[in-house]
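Swiss-Prot annotations:
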- 1-59: region 'Disordered' (REGION)
- 67-143: region 'Interaction with TIMELESS' (REGION)
- S194: phosphoserine (MOD_RES)
- 221-242: compositional bias 'Polar residues' (COMPBIAS)
- 221-290: region 'Disordered' (REGION)
- S222: phosphoserine (MOD_RES)
- T233: phosphothreonine (MOD_RES)
- T244: phosphothreonine (MOD_RES)
Amino acid sequence: MLEPQENGLTDLPDYEHIEDETFPPFPPPASPGREDGEGAEPEEESGRGAPVPVPPKRTVKRNIPKLNAERLISERGLPALRHVFEKAKFKGKGHEAEDLKTLIRHMEHWAHRLFPKLQFEDFIDRVECLGNKKEVQTCLKRIRLDLPILHEDFVSNNDEVEENNGHDVTATELDHFLTNSYGSVEFASESSRSLTEEEQQRIERNKQLALERRQAKLLSNSQSLGNDLSVNTPSTQTSEAGSTGEEQKEEESNGFNKDLLDSPHNAGAASTVNEEEQLKVEETQLDQSF
């Protein structure tokens with residue numbers, strides 16, 4: 001302690017003859033010997049010199065819309081052209097220029113809705129190139145044939161079919177017997193027509209066959225008669241002439257009977273005609289024998 005002197009003043013020590021205190025040197029920066037957090041600042045300062053690798057930013061790539069075949073046959077593509085000109089009014093003859101302007105205006109509106117990035121001229125060129133694709137051609141065929149393309153078309157067609165089926169069911173329930181009777185009448189008329197045509201063909205065919213057989217037999221009989229005339233007596237000639245006449249009658253009757261027997265509707269008439277012909281033949285034979 002410093003002793004107080006007179007007049008309230010203290011005697012200051014003599015610092016000139018006192019040796020300086022020796023302090024240990026400072027440890028290097030960021031060394032484990034330093035307990036305080038002062039080493040963090042030099043680290044940051046030293047790290048500024050070296051380049052630190054920065055992770056790349058993730059960029060989200062957006063799908064750029066393209067005018068391809070799938071987009072052209074979509075809901076706003078070619079199927080929408082069926083309804084583009086529903087409200088369009090054309091003036092007709094004498095106003096061709098105005099009608100063409102309205103047509104192009106509606107087409108431009110359709111093209112802008114489908115793909116607004118392209119101009120109308122470029123859009124037309126692109127659509128012309130896409131017209132060779134198979135998908136586009138099938139879509140155009142379905143439009144021309146009025147076939148369903150979109151899901152809405154399928155749903156509307158199914159609804160119409162169900163409604164029609166409901167009406168058909170009620171109609172068939174009410175008019176079941178009428179339709180059956182009408183169908184049976186039509187079937188009977190068609191079958192009768194076909195039968196009559198077949199019968200006519202059979203009759204003509206049988207007639208031709210009978211005539212051919214008759215001519216062949218007549219020729220053979222005439223030749224045999226010519227040979228027998230030089231040998232046989234006149235009585236035999238008369239008997240042969242009668243036999244040839246009978247054979248001709250029998251051939252004619254047989255041909256006629258065949259024609260009648262071939263037709264199913266004339267079976268009864270054919271049997272009666274056969275009986276009459278047989279009776280006539282028997283009568284002629286009895287007359288010749290007497």
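Yeah, the Cβs are placed from backbone N, Cα and C, and that goes for glycine too.
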The region 'Interaction with TIMELESS' (67-143) [mean pLDDT, rounded to integer]: 91
Number of other Cβ atoms within 10 Å of the Cβ of S222 (phosphoserine) across all protein chains: 11
